[in-house]
Amino acid sequence: DVNHNHLKLKPAVFSKDSCYLPPLRYPATCTFKEGLECEKQQYIIHGGKTPNNELSDKIYVISVACKNNKKVTFRCTEKDLVGDVPGARYGHSIDVVYSRGKSMGVVFGGRSYIPSAQRTTEKWNSVADCLPHVFLVDFEFGCSTSYILPELQDGLSFHVSIARNDTIYILGGHSLANNVRPANLYRIRVDLPLGSPDVNCTVLPGGISVSSAILTQTNNDEFVIVGGYQLENQKRMVCNIISFEDNKIEIRDMETPDWTPDIKHSKLWFGNNMGNGTIFLGIPGDNKQAVSETYYFYMLKCAEDDVNEDQKTLTNSQTSTEDPGDSTPFEDSEEFCFSAEANSFGGDDEFDTYNEDDEEDESVTGYWITCCSTCDVDINTWVPFYSTELNKPAMIYCSHGDGHWVHAQCMDLAERTLIQLSEGSNKYYCNEHVEIARALQTPKRVLPLKKPPL
């Protein structure tokens, strides 16, 4: 939440009955309701890159299990599909359409690795455009069907998709095969009668050339496109207003915001929609600074009354464990996603009633603790030390007395030793208590028994 230009992050955890959700990059995300009248909102995540640089073909459904002023608890389940299942990909889109009281997910575009038969050592991580097929996914029964539409000739990635009732508009995108960002504008309409779905596509004039743009909704019939790239490694500084009237779409230029010099000169930018016509932008910090991995965040309000409002720089800066140079500017990216509207997790006054004293005592329960007198794990500088770590340092339980948790890195444990201790029921004693624990001393060597010859 943002209040008085301060970014406040609220803790979020997953329920015990949740499946594992890997930290995915460039997945397709959307919100989903059981029906137009239903208030319960779920979040759909499909595809993306895993930490091992593999591509995911899984669909995850996330819902809010419970929430309070302390934290939000999510429930994540994996959805199995049958039929024409969309393959592993990233940089694509997933939306939900509603027709005749029914709903259906629509997956389109993206990139995937070249077929395994064509992968060589030199081209192992080479990617190609996915076929321009449209997949309809029934989230209730787990069925997926592929459709080939003659109007869709080329695969697209990092395009903009807008879902309105039974229609999806596909705008812009990047074609890897031709290395172009065509000014495409497609209208895909999905009719859901009692029998088989009817899917048709229409090519509309008036599209724009853009990829990795951010979309926000300002009212029921108006959207704003911000950011993105117009050429390889060249940001698109122009914003556009998309308005709908009588099922007709109109795209026009918006008065360009007064971008700050930092945003203008940065080669990279990323961000997403925060709801209510607000865009959250981030740029990497100056590499000449002492801390070269700092990122600066900005808020851009695109609501009608605030179109000309300058960006508000947030006072918090988030450090990253990844060198900005590792994120190549030649591939479009979304570094994070806000899939929910600003008021999805509570009322407008939720931030004002937030009491920091209600937080759990992290000195006891959290990962960021001083585990021993020589502990040097810092939340601002910690990077993964073991291959099994993703976003938290590995910890191990010391059995001395009532027991306490210590960081495995501070104990100078080898990863193999850490895994062995974690898998078994062996007692472990930290560096400060190992002398007290006589049970850990190496037993005296016993000579093997001599067996008499037969």
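Glycine is no exception: its Cβ is also placed from the backbone N, Cα and C atoms.
Curation does not apply to TrEMBL; its annotations are automatic.
Feature annotation from TrEMBL assigns region 'Disordered' to 311-332.
The compositional bias 'Polar residues' annotation in TrEMBL covers 313-322.
Marked as compositional bias 'Acidic residues' by TrEMBL: 323-332.
Taken from TrEMBL, the feature domain 'Recombination activating protein 2 PHD' covers 366-443.
The feature Zn(2+) binding site is assigned by TrEMBL to C371, C375, C398, H404, H407, C410, C430, H433. The Cβ of H404 (Zn(2+) binding site) lies under 8 Å from the Cβ of C371, Y397, C398, C430, each of which sits 6+ residues away along the same chain.
Listed in chain order, the extra residues whose Cβ falls within 8 Å of the Cβ center of the Zn(2+) site residues C371, C375, C398, H404, H407, C410, C430, H433 are C372, I396, W405, V406, M411, N431, E432. Cβ packing within 10 Å was compared across the binding-site residues H407, H433, and the lowest neighbour count falls to H433.
Over the domain 'Recombination activating protein 2 PHD' (366-443) the predicted model carries a mean pLDDT of 75. Non-local contacts of C410 (Zn(2+) binding site) by the CB criterion (under 8 A, 6+ apart in sequence, same chain) comprise C371, C372, T374, C375, D376, V377.
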